[in-house]
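According to TrEMBL, the protein carries these features:
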- 12-30: transmembrane segment (TRANSMEM)
- 36-59: transmembrane segment (TRANSMEM)
- 71-94: transmembrane segment (TRANSMEM)
- 100-118: transmembrane segment (TRANSMEM)
- 125-144: transmembrane segment (TRANSMEM)
- 150-167: transmembrane segment (TRANSMEM)
- 179-196: transmembrane segment (TRANSMEM)
- 208-226: transmembrane segment (TRANSMEM)
- 233-251: transmembrane segment (TRANSMEM)
- 257-276: transmembrane segment (TRANSMEM)
- 288-307: transmembrane segment (TRANSMEM)
- 313-333: transmembrane segment (TRANSMEM)
Amino acid sequence: MYKHNVAVRGFLPILSYSLSSFFLLGYIFYMEAAKFPTWISVILIGIPFIGRMVTPFVYSRLTFVIGVERSMILSLIYMSLISVIDTFILNYSFLVATRFILGVLFGISTSASIELASLTEDKKIVGLTMAGWAFGWIISVILFESFGSYMFIPGLVTLSLLLLRTERYSVSKVGKISFSWRAFSVFFLGFVPAYVMQLVPSMLGSEAFLETIVGYSLSIFAYLFLPMVKRLTLAITVVALIIVSTAVLGFSTLNLALLSIFTMFGLGLNSLLPIISRMINVEPWKIGPSMNLASFGGLLFPEIISITGDEKLSSTVVVLVTTIAFLLLVFKLQRTSIKSVNRTLISVR
């Protein structure tokens with residue numbers, strides 16, 4: 001099992017999710033430097049999310065044929081090449097196509113990352129793997145400040161991963177769709193705070209950069225320590241209460257400290273979602289693809305909030321309603337899972 005190679009292989013899912021997030025998120029900074037029209041920027045930001053929705057239909061077959069690690073590494077390499085090519089080709093039709101492909105590759109690489117992290121059965125690795133989203137954002141900021149519109153050139157160092165000897169971990173999944181309704185529901189609702197925080201910069205104006213740096217930096221500690229809490233249900237409940245309270249107070253006052261805490265725990269909650277999925281008996285190879293299919297919420301919720309006309313009130317209501325729904329869902333799925341296990345034990349006896 002993969003868990004026996006944690007010391008040697010445990011860094012791979014963390015590295016993969018971080019680099020994948022850099023290639024996805026970094027383009028937001030690049031478009032700002034290239035001064036793209038608003039309409040094309042919206043399309044190019046949104047199209048990878050559509051590409052991610054393809055993941056459940058291709059992941060199982062691809063990883064069965066070439067292996068999970070190999071699929072992950074090749075996806076990273078192709079993302080780095082696409083990102084560099086997109087730096088020099090400014091044809092909008094071409095960019096829409098390549099950003100869609102990048103979304104598919106992101107889905108494959110992050111699904112592989114989550115599968116491998118889950119197989120280690122090490123909660124620290126699971127948490128740090130999900131922290132790859134924050135790491136990717138921080139890498140994007142650093143490379144953009146250092147290299148400007150050429151920020152993706154250093155990403156070619158990813159090619160060195162070709163030298164890494166990959167290992168195969170056999171799971172019978174050929175011909176199956178990599179999807180679980182339970183995991184999909186957990187991620188769809190659990191990701192909402194992260195989706196809503198996309199609107200925070202437009203609310204804060206000049207203070208947005210500071211809030212982003214503080215919030216995302218603090219989230220790394222949440223990603224690391226929340227998975228280590230032994231009483232998972234208690235951790236989920238406390239985090240949900242913090243998210244709701246900071247959303248209600250933060251969006252009404254636009255207080256920088258409150259919104260930074262909202263960002264910290266809104267992102268930190270993500271580290272618990274794969275663990276919750278395993279707790280309710282979702283197979284590791286279904287978790288990542290289900291997560292990527294649920295990512296269409298990243299387009300849905302910000303759009304719903306934007307068209308209401310009152311972003312602060314709508315953000316508060318959306319976070320409040322979906323967080324309560326998330327808690328109820330987790331408790332229900334947990335009870336159902338326990339009953340299922342008990343029935344299995346009784347039948348065995």
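Cβ coordinates are placed from backbone N, Cα and C, and glycine is handled just like the others.
Long-range Cβ contacts of the transmembrane segment (257-276) within its own chain (Cβ-Cβ under 8 Å, at least 6 residues beyond either end) map to 114, 117-118, 123, 126-127, 129-131, 133-134, 186-187, 190-191, 193-194, 196-197, 200, 204, 211-212, 214-216, 218-219, 221-224, 226-227, 232, 235-236, 239-240, 242-243, 246-247, 249-251, 287, 291, 330, 333. Proximity of the transmembrane segment (208-226) to the transmembrane segment (100-118) is not established, fewer than 3 Cβ-Cβ distances being under 8 Å for residue pairs spaced 6 or more apart. The list of residues near the transmembrane segment (179-196) in space but at least 6 beyond its ends in sequence, with Cβ under 8 angstroms from a Cβ of it, reads 56, 133, 243, 247, 262, 265-267, 269-270, 272-273, 276-277, 280, 282-283, 286-287, 289-291, 293-295, 297-298, 301-302, 305, 315, 318-319, 322-323, 325-326, 329-330, 333. Residues of the same chain lying 6 or more positions beyond the ends of the transmembrane segment (100-118) and with a Cβ under 8 Å from any Cβ of it are 2, 9, 12-14, 16-17, 19-20, 23-24, 47-55, 58-59, 62-63, 68-69, 71-72, 75-76, 78-79, 82-83, 125-126, 129-130, 132, 169, 178, 274, 278, 284-285, 287-289, 291-292.
Between the transmembrane segment (233-251) and the transmembrane segment (36-59), fewer than three CB pairs separated by 6 or more residues in sequence fall under 8 Å, so the two stretches do not touch. When each of the listed stretches 12-30, 125-144, 288-307, 313-333 is scored by C-beta pairs under 8 angstroms to the transmembrane segment (36-59), 288-307 comes out highest. Counting residues 6+ beyond its ends, the transmembrane segment (288-307) has Cβ neighbours under 8 Å at 46, 49-50, 52-53, 55-56, 59-60, 106-107, 110-115, 178-181, 183-184, 187-188, 191-192, 194-196, 198-199, 273-274, 277, 282, 314-315, 318, 322 in the same chain.
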